[in-house]
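> Right, I'll just put the structure down here and ask away after.
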Amino acid sequence: MKDKSIKVLEFNKIQEILKNYTCTKAAKDIIEDLKPYDSVYEVREHLEEAKEAFKLLITKGAPPFEGVYDIRNGIYLAEKGSALLPGQLLKIAAVLRCARRFKEYINHKEEEESYRVLENICEGIFSLPKIEEEIFNAIEGEDEIADRASSTLYNIRRSLKEKNYSVRDKINSLVRSYSSYLQENIYTVRGDRYVLPVKAEHKGAVPGLVHDQSSTGATLFIEPMSLVNLNNEIKELMLKEKAEIERILTVLSAKINANITGVKTDANIVWELDFIFAKAKFASEYNCTCPTINNEGIVDIIEGRHPLIDRREVVPISVKLGEEFTSLMITGPNTGGKTVTLKTVGLIHLMAMSGLMIPARENSVISYFNNVFADIGDEQSIEQSLSTFSSHMKNIVEIMDKADENSLVLFDELGAGTDPTEGAALAISILENLRKRGTKIIATTHYSELKAYALRKEGVENASVEFDVETLRPTYRLLIGIPGKSNAFEISKRLGLPDYIIDFARENISNENIRFEELIENLQEKSIKAQEDARLAENLKLERDKEKKKYEEKLEGLQKVRDNALIDARREAKNIIKEAKEEADKILKDIRQLERMGYSSDARRKLEEERKKLKDKLDSIEEKEIKTVHKGEALKNVKEGDEVLLASINQKVIVLSKPDNKGDVLVQAGIMKITANIKDLRAAKGSNFNSSSSKIKKSKKLNLNLRRVESSVDLRGMDAEEAIYTVDKYLDEAYLGGLGEVTIVHGKGTGVLRKTIMDMLKGHSHVKRHRLGEYGEGGTGVTVVELK
């Protein structure tokens, strides 16, 4: 890729913007070296990593880059075997922590979306939590080692603290004793030793060692002899503390050295991730998308925006190239946006090929080119000097030497700077030669000859930048398929040039040129009208989709209401059954108590009375439930305009169509139109219909088994097989009948039948627990079973 083209297209400015989103100098250095990759595969992988990082920013928020540093110098020193400073060790630990946390950050549950490229990068992370923990435990700040760094350091500092307390007590006592000889009644420290500020004239009154004097010489700082030993002990402890700190730093540095490969790898991955997430943050800020990449020369940029132009002012452009045509000629007025179009296309390609998402709409297509050549400068006129023409021609010569079918060439005002006739002929020759090579070309021009060349040559297409003659301002919109019209006469007239001069100028133009310009004007008007119609259609489609989504959400809400109603109904029915079973169980327990007391006949009569009450109660609830759910009469036919009840959602609706052969009708519920079957329609209250029946049909019934089930079963006289069958059938009936506890009579005998029944009950689905009968219940001759 040509460095000159990269510079002309201002890719370096994108790099500078990108650097603002990084956390480390190392990531900035990666961006500094960023350029288009060498293959389509690399481009796709680096775009995918940016896309994945973009998704992670949205779904999981900012990545764990807190406290990430550039630790290259620390790694270098550790690798050489040097002892690192506390701050250097802390920064290395912070990077190791970031690498470990990032592995956790990117982790996802099985059902969540995976991040293939980023996960592959993170696979290389060593994770060194032990070293990380040791450093953070030992070092508290840039120049502060924690007491817990070692037991030796802890003991030294404790002794040092005690000695300092002792010497302060001693020197405070001396301050009071020598107060008349001191400049101030305080003590101070000189060279890590406690001293007194003694007046120079009284130096003999305070025996000791002179360590310093004031700038005026009026004060001597004397260490009293009684403190010398204590100060010596403090000094020794301080030296021991320093030696222990150096030992701790050496040990920690050695551990970094021993794991230098893991540390370097983790650091490099963190810096790479810093760079990748800078790309994602840039994409988020500039509303970028991930394009589709091909190597077939096909370009389809949808509403691309130049990222260096103010986002409030930039006008999106859409450019196609490579399928229907391989060369695009852009014509139009000066300052109309032709050069910006070239730069936008070129810069977007450089960004995509460097793994950056692009400022364009979704589904944009970018081709991978081996080279992007750009001959772009200030817009030129025919009065340009030979030197300027020569400068352009020098670039063109180089392009002609290297461009091939895998190249994109951008020409700004091709052929300008010389005689128009010669310039146009030269431009056509250059374009035709490159076209035959298969080179993809976008060129801007003023020459009518190039418009005509594009009209007649297959594979070459005209385009123009739109100009508003009313306001005398360009709109910067690109119109593909329409050559640019010269607006010199219209602009001159609006600026006040007399009509007779303009008319005379028109007379000097051939009829053929006039007709050509009129044709272009007509095409432009039709194209603009077509684009306006397309935009209107797109807006209508968006509004329709929005309304559709709103109705679908309302329908979903209604369905949820219906589902919740059904759930509530089922829950209520379940509660009714539960209450019924609890009431029946209570009655049975009371009856069993009565039976044990010898009141069997009365108990049975009471049981039947209670069961009848319970059945009547449930029938009443069931009838009430049925009447509540489906009001209205069943319908056989409906007509347009009828108001009916849609039973499934229990809501009144208006019939909009007659039933089809399947019985489906279109109805309106509020603002929604729904297709329903006539079987789901009922006569709404207050509506007159001829129905087949005026009776309320029960569509839902509480299916409770209220037939009488005995509270015990007698197995005496049966063999094992018959007994098992009888008990199984009986337990089903008892369970459906809502009994909570039953008795199985098997007799005492040899105990074989009892054992058979006990074994069967252990795995039975209806049995909660079972036991042998107690005294008064039949003893070991019966088994009492509690049902679920």
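Backbone N, Cα and C atoms are what each Cβ position is placed from, and that goes for glycine too.
Dumping what Swiss-Prot says about this protein:
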- GLY332, PRO333, ASN334, THR335, GLY336, GLY337, LYS338, THR339: ATP binding site (BINDING)
- 713-788: domain 'Smr' (DOMAIN)
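On this model, are these features tucked inside or out on the surface, and what's nearby?
Neighbours of LYS338 (ATP binding site), defined as other CB atoms within 10 A of its CB across all chains, total 28.
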> Per DSSP, what is the helix/strand/coil residue tally across the domain 'Smr' (713-788)?
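Each residue of the domain 'Smr' (713-788) counted once, the result is 31 helix, 19 strand, 26 coil.
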> Judged by the number of other CB atoms within 10 angstroms, which among GLY332, GLY337 is the least packed of the binding-site residues?
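Output over binding-site residues GLY332, GLY337: least Cβ neighbours within 10 Å is GLY337.
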> Around the C-beta of THR339 (ATP binding site), how many further C-beta atoms are within 10 angstroms, looking at every protein chain?
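20, counting other Cβ atoms within 10 Å of THR339 (ATP binding site).
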> Please state whether DSSP places GLY337 (ATP binding site) in a helix, a strand or coil.
coil
> By the DSSP assignment reduced to helix, strand and coil, which category contains GLY332 (ATP binding site)?
coil
